[in-house]
Amino acid sequence: MAKIKRRGESGAAKNYVTRNQALKKLQISLSDFRRLCILKGIYPREPLNKKRANKGSSAPASFYYHKDIQYLLHEPLLVKFREHKTFAKKLARALGRGEYALAKNLEDAKPVARLDHLVKERYPTFTLALQDLQDPLNLVHLFSTLPTNPIPGKTLVPSEIIAECSRLISEWKVWAIRTHSLRKVFLGIKGVYYECDVPGQGGETVRVRWLEGYEFQQHVPTDVDFRILLTFLDLYRTLLSFVMFKLYTEENLVYPPPLDVELDEQGESVGAFRLVERKAGTEGADGTGKVSKKAVRKAIKGIKASGIDADVEMDEDAEVDEEKDEDEDFVERPSKAQEVEDVAPAPLTTYNSLLATSSTPSTSKQSLLFSPYTFYLSRETSSRTWEFVIRALGGKVVTSLTATSPDSAANADSITHVIVDRPMTVERMREMEAGRKWVWIQPQWVADCVNRQKVIGAEGYQPGQLLPPHLSPWDGEGDVYRPWLEDQEKAQAEAADEAAENDEAEQDEQEGSDDESESEDAEAEAATYPPALLASARDPTNATLLHAAELEAETNGVSHTAFRAQLKEATKANASKTPATAAPAKGEEDLRKIMMSNKKSKLYEKMQYSNKQKAEEKERLESKRQAIEKKKRKQSKA
């Protein structure tokens, strides 16, 4: 006899559980369950049939996989949550009874939940952690810009968390400056976008892109649930700490880098940190005093990959308080005729010299973009942004904190570029230069040089001038849609075909070329307009095409009034050629199809198929008719 199949014991009802069922099974509160799901990366699921998953009930509910809830039963954080609940009860009881000594002891023994094991679970390899580093950097920077003076009842973020987020961002920038890994910069509406090349496992390079908001006064919103954001922030801070330790260790640097308190109080951002190398011979690759053979082979492999034979050049910005050791080179093999006494002068190469040489970046100091230049940042520019960008590409920076004006700086003669973001007269600039040859530019010049990987001319970037367009450097994201280029290629192909046909029957089609000349005249009239203007006239509702047409008119020196008149004429001419009934957009069709029932959607697909077949048949008959008429025309001329 077959086993009786009972309702709710198999299928969707078995695979899914509701949120209330999960809370009862885990025996935790809703806030703890939400926090646990965020930390473990478990999200609600959408079953194919909600009614079956809810065992016949049609009440609205959130569903989770049954296996995910079973997985949460063995989570060590559950024990910490229960310990914290017990601690809160004991603390409230002690405060209610006035036992303040007991309350202080309880506060000192407060249970703390560590998230190290979650980072290892969610990111088994270092490359996976780097690939998911965009959101942590964005959120950590967002919290680092919040006001640090807490307002009771309004500011829900502790000042210690804000200070730690600011420290993590500065440490990330210090590493990028040390390794010169910055590749692209884009000044967007939301803020400044950066992209760095970070070395992952096995020599694989991972591109990390993050966003930093502009330095404006931040107002803490009241309608944002900071408990959820702080839960994400706890995980992201732990992840960034792991990543920073790995990156600094690979560069043979001490983590965390020491902070100069005096410079930090003066307002320095990345300049307040000092990079200190790890002492030679203290630790091996595995953290012990011994050096394994595997670590030595890895260091030698890094030397072969980079192809560097010279000694390591220390960055000028890294202030290391160590004595300079003697250079360690390989000992050449002596010849037989050479005496043994001549062999001894140079010491053998050690593991630390191999490690330092293999960790040296392939780009030398001289090959960096801004290495020969010294920049002065005026007080109205964002020193936090442009100091990071310039120093990451090898340049030197003099900020307004050290000198109120470029002519009052101690090393004013070495300054090559002055970055100003306000209008300034030529007389004032010449007065401040005092015979020096300074290049006066706006901040966008630096970003454009970084994106083009070369130092461009300063024409068009002087203070007070209208800057050129600043497009996104990433492929496909900043490219403006230019359909007129496709139209131009199509028109050229059609013109070539027509020219070939005209060459073959040039004498026979002299009388019947009136219609073709009229069409060519119409095309010539359309060609008198710029291509971007034609594309905007064909799609007047597209703001991107309109902006591109305006930029093109501005480049050509056309006034705004003349541009509007040309656009109106081109739109009117294009409207007369466009058919009255246009097919609906694909997105609208998809929305309509979503709202249909299954029966109506199938009927709609049949109708669309039949309409497509009729259109193809009509097009085929039309082309055949045109070919027959052309043949008759030739026969009549003959």
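Going from the start of the chain as shown, residues are counted 1 onward.
Glycine is no exception: its Cβ is also placed from the backbone N, Cα and C atoms.
The feature region 'Disordered', as given by TrEMBL for the ranges 41-60, 141-160, 281-300, 461-480, sits at 461-480.
With DSSP classes pooled into helix, strand and coil, the tally for the compositional bias 'Basic and acidic residues' (613-629) is 17 helix, 0 strand, 0 coil. In the region 'Disordered' (554-638), the DSSP tally of helix, strand and coil residues is 71 helix, 0 strand, 14 coil.
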